[in-house]
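Taking it in order: structure first as structure tokens, then the write-up.
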Amino acid sequence: MFLKRPSNFLLTVTCAIALLHFGREVLQPITLALVLSLALAPLIRAIASLGLSRTFATFTALVVAISALVGAAVVLVAQLYALTADLPQYRAEIRAKLKEVQVLTERPLSRLPTELLEGVPAAPATGTSLRARRGTTQPVPVVIREPTSTQDSLTRAIGVVSGPLGTVGLVLVLLVFILLDQENLRDRLVRLAGQREVSRTLRGLEDAAHGVSRFFFSQFIVNIVFGAVIGAILWLLGIPHAVLWAALCAVLRFVPYIGALIAGGAIALFAAAVDPGWSLALLALGLFVALEVVLANVIEPRVYGHSSGMSPLAVIVSALFWSAVWGPVGLLLSTPLTLCLVVAGRYIKSLEPVTILLAESPDASAAQRFFHRALSGDAAAIIGDARVFLRKSTLARYCDQVMLPGLALAIGDLRGGATDKVQEGRLRATIALVADTLAAGKHMGRARRLNVSMLNESIGAHLRHLREERLGRWQGSLDVPARSIVLSVGFANIREEFRSELLVLALREAGIDARSITLDDDDDGEARPDAEHLVSTVFVVYPIDTAFGPWCEAVAALRENLPDVPLVTIRPREDAQADPAQVAERVDMVLQSFEEALAFVAPVKAAKPAKA
């Protein structure tokens, strides 16, 4: 792991940041061209799908993109020209509003000097103050400025414009060559990665290209819709130049965080200038903030927030980092650049820390999250995740994919001595609480209060006793059709009782009359009813190697008592399990999951698709 050698890792990061900072004059145009090529890739593919050559499709896409940008710029310039022509009529209102703001801010502060200087003796008069009282004046220096010539003005203007225009031209040239030579560049990158890494490299390039293209397309659509809605709202409020403010909002939202603040502030200031009071400005600002909050917290996460593969915190951190390294260009490119690094970290070992820290999810499986939260005692989070999972799937699948693999991780840590007694107790209490809540049924609410008795006995035994209290000694009526009961049996120990009860819960959730017994249960002297004809299937908990002998004897006894009933076992994912070949000789079938068990006893119900 990268934390094993922190000095090497920090040295690599420092060198990379230094290279980015000092090489920004070269790296910025190249990066801009690469990102724009990824953004234009879907448009080029769409045009090429019409049967046109790639070269023609590339130039067509460039013409379309440049035409759209030029058209938007023309509209913005025309609107700005109209706004500057109307500004003189708003000048008096702007001055009045500024004076109101000045009075509001100065009034509370005007009393401070008087209050602070009370009781402070007056300073003695100095020579300067005496001269001021006598009316003497000091000489004012005169600066003679020569008029600026037209040539100097043009030179200065060209110097200001030539830098950005030169960068734009360089980016455009690089973009054309990258788009035309895209396949060749991909082949070079694949060869650079090595023949053994061809599939991983291609997969990484495809994921990065798809992620950036999807992000830009989604952001473009969202920002255009946002600008249109803002324009419609401002038009309904009667604010002039609504088209300009709509276009400004759509463009500035491409700048993370800062762009929305600038757009909202500009709209509020202009609304204050055109209205004699403050109501229009406050109303426009309130509607803008409300729409921005809804867009940022409801719409964007659904459209492209989570699809970008980055956590919200990662978006903020990346904006801060890239703006500090590359300035405004870095701020514009922060999300796509970080997204490419996150995708690359899934395939390049040295970039894995970036993916772990900045990806939307920490690449932890549901079973790992179950184990981590159980170890920390966060039963509410486990139950919340289970509730979400069970809305779309079955309890059997939850046990197979989340709970049982999570328990296997816990057992591995317990056997390896990686957990102390406090963590072990917290782990057991959390699993007990989760199992107790799952036993409450599909419509489980919050985590139920932990019963102290659950910590003093086997969790499986506790769950069985709860069912017996609710349904009777035999966990239900015995006046049922023949071959309608499914039995789950195991020895009276923590492991087997818990697995047996989990299977019963999964089967009963699907509407199957499943019940559990222990192989060494003495029934407290109570006679067992003659109900062998009611049993359709017996599930025996898979043995561990240290208890294989007693398990074989118990299976033989079951075979003798229930000769016509199939004996089935489910093989778990454990290291200490018994030999599969020997187990298979003693039962009728060995299944691999609870879902297979559900399909075995109720194929129609198991075949139902998961809920949408």
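Keep in mind that glycine also has a Cβ here, set from the backbone N, Cα and C atoms.
Taken from TrEMBL, the feature transmembrane segment applies to 33-52, 59-82, 157-180, 220-248, 254-273, 280-299, 319-344.
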- Message: Test of understanding: applying the rule of at least three C-beta pairs under 8 Å (pairs 6 or more apart in sequence), is the transmembrane segment (33-52) touching the transmembrane segment (254-273)?
- Response: no
- Item | Other parts of the chain folded back onto the transmembrane segment (59-82), taken as Cβ under 8 Å at six or more residues beyond its ends | 40, 43-44, 47, 52, 175-176, 179, 241, 243-244, 247-248, 251
- Query: Any residues 6+ beyond the ends of the transmembrane segment (220-248) with a Cβ under 8 Å from its own?
  - Reply: 72, 75-76, 79-80, 82-83, 86, 254, 263, 266-267, 270-271, 274, 280, 283-284, 287-288, 291, 295, 299-300, 303-304
